[in-house]
Amino acid sequence: MSQKDSIRSVRAREIMDSRGNPTVEVDVTLEDGSFGRAAVPSGASTGEHEAVELRDGDKKRYGGKGVQKAVDNVNAKISKSILGLSATDQLQIDGTMIALDGTANKSKLGANAILGVSMAVAKAAAVHAGLPLYRYIGGTFARELPVPMMNIINGGAHADNNIDFQEFMILPVSAPNFKEALRMGAEVFHSLKTVLKGKGLNTAVGDEGGFAPNLTSNSEAIEVILTAIEKAGYKPDLDIKIGLDCAASEFYDEKKKKYILKAEKKPEKTAEELVEYYSNLVSKYPIITMEDGLDENDWSGWKKLSEKLGKKIQLVGDDLFVTNIKKLAQGIDKGIGNSILIKVNQIGSLTETLSAIEMAKKAQYTAVVSHRSGETEDATISHIAVATNSGQIKTGSLSRTDRIAKYNELLRIEEELGKNATYSGVNTFYNLR
């Protein structure tokens, strides 16, 4: 072990996220001066099986959302356990923190404390190695730029409007490279603003930078997007496909055992009726991917959805799998879904994140690297997407710097890779072959 790559200092602080809530930022410095800084994201619609984000609970300070406890855990406990360790041994460092926490869901130290350190260590190690983060994590073959899932209409828990589904996304699949994909997305985003204005609808944006208009139905949200695609000079389906994040756990009524779609004429639906409703949407519109179509605990409903649509579209488990290899293994075993959403703070360490992506790929499930609704300028997920050749990234709309930071970092990575960079477009959906 080289002394130069040993961890010399670990320092955490409380900073602000894109929603004006506190989050954890960690600085790690190695003996040779190599430095890494990472900020932790936070979700709005969280799966009940996610790793625990430690909040202070003091209502007199940030309404109880302070993260001083997590910061103190880094500065007083975690730092002592990893000082002097080699930053290049990510497995040992993450394992040490997980053991120090000692709980199944990281509730003692907080996933936000552990993850901040985990990512900052990797960044410092990359600097020490003289490599960009994507190359340090992914090695020689990291070169696939992801197809962006751009969330241009927000509903559900991400917006104060009457749309049931949380996200309506566009995927620029005909682009020759990421740079052009980003341009296509931006042009459709601006086109959509014009379309909404023309209908006299609100063009304020939600948490993830998408528009949050009041529309009469979920279908109308898709219709206005299709209009915007055409007005931007592109062909729906051929050039740009549609993605949905239904976030069904948010509109599932536990007592009634029904799904309540307030934007629909017949609001109450059983799992079977909801699957049929989705099937009709998929037949009618160029939908290629659907996330969290059913409640996270409705495994029988998920099985029906997978049997009905699993060969036609990508079915992504977010709240269902919570970036957890145990949950994912159950899903693979039961033939549920065909894709996993990867959110670093759902599981709480870089090692476990990479393990989930690896497990998904081995089972022919795709892995979609994702932001959270509460973000910062940290662009680690851009590097994770390229490092793992995941082929897909979900990081919001074409507004708000907290979202654009990830896209801009991908532009830089693509430029750095030069002729070695690849962009698979529609072929990224290897789970549908």
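Cβ atoms here come from the backbone N, Cα and C positions, even for glycine.
The annotation region 'Disordered' is assigned in Swiss-Prot to 37-59. Counting residue by residue with DSSP, the region 'Disordered' (37-59) contains 0 helix, 4 strand, 19 coil.
Annotation comment: Swiss-Prot describes 47-59 as compositional bias 'Basic and acidic residues'.
Marked as (2R)-2-phosphoglycerate binding site by Swiss-Prot: Gln166, Lys343, Arg372, Ser373, Lys394. Secondary structure from DSSP puts Lys394 ((2R)-2-phosphoglycerate binding site) in a beta strand.
If you look up Swiss-Prot, you'll see Glu208 marked as active site, proton donor, on the strength of sequence analysis. According to DSSP, Glu208 (active site, proton donor) is assigned to coil rather than to any helix or strand.
The number of other CB atoms found within 10 A of the CB of Asp245 (Mg(2+) binding site), across every protein chain shown, is 28. According to Swiss-Prot, the feature Mg(2+) binding site maps to Asp245, Glu291, Asp318.
For Lys343 ((2R)-2-phosphoglycerate binding site), the Cβ neighbour count at a 10 Å cut-off comes to 26, with all displayed protein chains included. Taken from Swiss-Prot, the feature active site, proton acceptor covers Lys343, and the record attributes it to sequence analysis.
With respect to Gln166 ((2R)-2-phosphoglycerate binding site), the closest of these recorded positions in Cα terms is Asp245, chosen from Glu208, Asp245, Glu291, Asp318. The binding-site residues in question are Gln166, Ser373, and the one with the fewest Cβ neighbours inside 10 Å is Ser373. In sequence order, the recorded positions near Asp318 (Mg(2+) binding site) (Cα within 10 Å of its Cα) amount to none of Glu208, Arg372, Ser373, Lys394.
Closest to Arg372 ((2R)-2-phosphoglycerate binding site) in space, going by CA atoms and restricting to the recorded positions Glu208, Asp245, Glu291, is Glu208. All protein chains shown were included, and the count of other CB atoms within 10 Å of the CB of Glu291 (Mg(2+) binding site) stands at 28.
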